[in-house]
C-alpha cells in the first residue's frame, strides 16, 4: 500500500521538479555554507516573487495554447504608469496601483480581443502590441525613469516579515494560491484548460471560446502589471526598461515545470518550482563564480532540455496508453 | 468527378483555366499585396515629400536606401523560414554572432576582409543549421527552439566578446557603407536587390526552391512525393542564418564597427522589421508562400515610414508604436482581402 502511494507520488507531475529543486538546494548548500543565510534566502525570495508573476503571466496563455510576446511590454507600461501617476499627478498609492492594474488588464484584454476577433495567430498580434505598448512607454517617459515613488511603496519594497520573508513575496503568495484555486477548482479555470486542450471540443460543449481567450489574456495582463509594480517597489524607481528581458524568463519557468506548449496542461505548483530552479541556477553560477553572462546560455539550454524531456514524456505516455 | 474522363474534357480543363486567367488579371492586380504596397509607398512619399524638409535631400535618399537594404535582408531572412511554416526568433542573435566573428577576424586575426566575410557567412549558416537540425530532430515548433537558441547564441557571444565592440575595421570594407554609386544609391541596396533576385530565381525556377515551397504548403504531401522534408527545413534555416549575417555585415559596414548591441538585447530589436516586411509582402505564416518582391516592398515601406516619421519630429520614441500599428493594420487588411477573395471565389 505504501509502495503504491509512493509510486503514485512519483507519477505526479510536480514530483520530478521538486526532487530536482531540493537536490539543487542541497548541492549548492554543500559548496557554499552561506547559501541558506537569512540574507541570501531573502534575496532569493524577492527574485522568486517577481519572476513567479512573470511566469504565471505567460503560463495562463500557454494554458489556452497560445503565446504572449507582450508580457514584458505590458509589465513595463504598468510599471511606468504606476510610478508616473505618483510623481506627475500625485495620486494616492492605492489609486495609482488600481489604475495601473486596470491598464494591465486592458492591454491584455485587447490582445485577447484582437486574437479572437480576427483569428490571426497570437504570435503576430502580440508582436505588434509589444511594439505598440513599448512605444507608448518610451513616448511617455522619453526613456527617462520616474524617481518620485511614494515613501510607502519604497518601504514596502524593503520590508520583511519576521525579518526573513520579504513583503514583496506576500502578493505573489496570495496570487499563486488564487491562481491555483482558479485553475483547479473553479469552472472558469476548467474552461481555460479545456480551450487549450481542444478548442473545437470546448466550443462544441458550450464554452464561449472567445470570452475564455479574452479572459485568459486579461488575467495575463493583470499578472504582468503586478510584476511590473512589484519591480518598481523593489528598484525604488519607475524604469522604462522594466520588462525588456522578461521574454525568455516567462517561457523558461512554465516549460521547465512541464507545461505543454500546445495548451491544456499547466500547473501553478510546477511553474513555481520552475521559477525556483531558474533562481537557484542563477545563484549557483554566482556561488561557483561562473561568468554571469552565461546565465542567458544556461536559460536557453534549460528550455531546450525541458521541452526535450516533456516531448519524451508525452510520447512515452502515448505509447503506454496505446 | 468521374473516375475516367474522355480526352475532350481533359482538353477542356486547360482551356477553362486559361479563360479564367485571362478574365482576371485586371481585378487581380488591384487586390494584390504588391499593388497595395506600391500605392502606399507612393502616397507616403508624396506626404513626406511635401510635409517635411529634407525628405528628398540627397543625404536622406542615400541613408534611406541604405536602411532599406538592411531591412530587406532582415525581412528575407525571416521569410525563408516562414516559407516552411516556421519562424526564426534568433535572426538578430545569429546576425550579431556572425558580425562579431567578422570583427574578431579583422581586428585580432588580421585576416583580409573577404575571408572574414566568408567566415561570418559560414558561422551564420552553421547557427541556422543548428536551429534547423533541432527543429527537425525534436519535431517541436520552431518558436520554442529558436527562442532557446536565441538566448544561447547571444549569451555565448556576449561571454566570448565581454560585450566589447571591434572598431578596427579596414577601410576597404567600411567604404561600402559610405560609397555612392549611380547618383545617390548605396551599393548595399544593389547588393540587397541582387540577393532578392537570386532568391526569386530560387523559388521560381529551381527544383530546390519548389521543394521548399511544397514542404511549407503541406509537409506530409511533400514527404509522400519523395521530398526529404527534414533536409529542406534545415536548408531553409541555414539560408535564414546566412541572410541574417548579410544584414548584420551591412550594419558593420555602415557603423564602421561590430557592436554586440547592434540588434538590441538578445537581438530582439530585429523581430519587428523581420516580421513586418514579409507579412506586409503577403507571406502566409502557415507557410508555402515566398513573396520575395513583396517582402522588398514591405521593407522599403517600413524604412520610409521610419525615416519620414523621424523627419516629421513626432518624437523618435513613438516610431515603434506606429510600426506596431502598421503590423496590425497589415494583418487586418490581409484578412479582409482573403475573405473577399474567398467570397468572390478567386483564390
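Don't overthink the numbers, they just go from 1 along the chain as shown.
Positions of Cβ are set from backbone N, Cα and C atoms, glycine also.
In TrEMBL, the feature transmembrane segment is placed on A:212-233, out of the ranges A:190-211, A:212-233.
Same-chain residues lying 6+ beyond the ends of the transmembrane segment (A:268-287) with a Cβ under 8 Å from its Cβ atoms: 13-14, 17-18, 20-21, 24-25, 27-28, 31-32, 35, 40, 44, 47-48, 51-52, 55-56, 59, 176, 179-180, 183, 249, 252-259, 294-295, 298-299, 302, 306. Below 8 angstroms of C-beta separation, residues 38, 41-42, 45-46, 48-50, 52-53, 56, 60, 63, 189, 192-193, 223, 226, 230, 233-234, 266-269, 272 of the same chain, each at least six residues beyond the ends of the transmembrane segment (A:160-183), sit close to that stretch. Away from its own ends, the transmembrane segment (A:212-233) comes close to residues 49-50, 53-54, 56-58, 60-61, 63-64, 66, 68, 71-72, 74-79, 82-83, 97, 100-101, 103-109, 111-113, 115-116, 149, 153-154, 156-157, 168, 171-172, 175, 188, 191-192, 195, 202, 242-243, 246 of its chain (Cβ-Cβ under 8 Å, at least six residues beyond either end). Between the transmembrane segment (A:95-115) and the stretches A:122-140, A:245-261, A:293-312, it is A:122-140 that has the most C-beta pairs under 8 angstroms.
If one looks beyond the transmembrane segment (A:44-64) by at least 6 residues along the same chain, the residues whose Cβ comes under 8 Å of a Cβ in the stretch are 71-72, 74-75, 122, 165-166, 168-169, 171-172, 175-176, 179, 183, 192-193, 195-196, 212-213, 216-217, 219-221, 223-224, 226-227, 230-231, 234, 246, 249-254, 259-261, 263-266, 268, 271-272, 274-276, 278-280, 282-283. Recorded stretches compared: A:12-32, A:122-140, A:245-261; the one with the most Cβ pairs under 8 Å to the transmembrane segment (A:71-89) is A:122-140.
Counting only same-chain residues 6+ beyond the ends of the transmembrane segment (A:12-32), those with a CB under 8 A from a CB of the stretch are 256-258, 267, 269-270, 273-274, 276-277, 280-281, 283-284, 287-288.
For the transmembrane segment (A:122-140), the residues of the chain that approach it from at least six positions outside its boundaries are 61, 66-70, 72-74, 76-77, 80, 84, 107, 110-111, 114-115, 240, 243, judged by C-beta separation under 8 angstroms.
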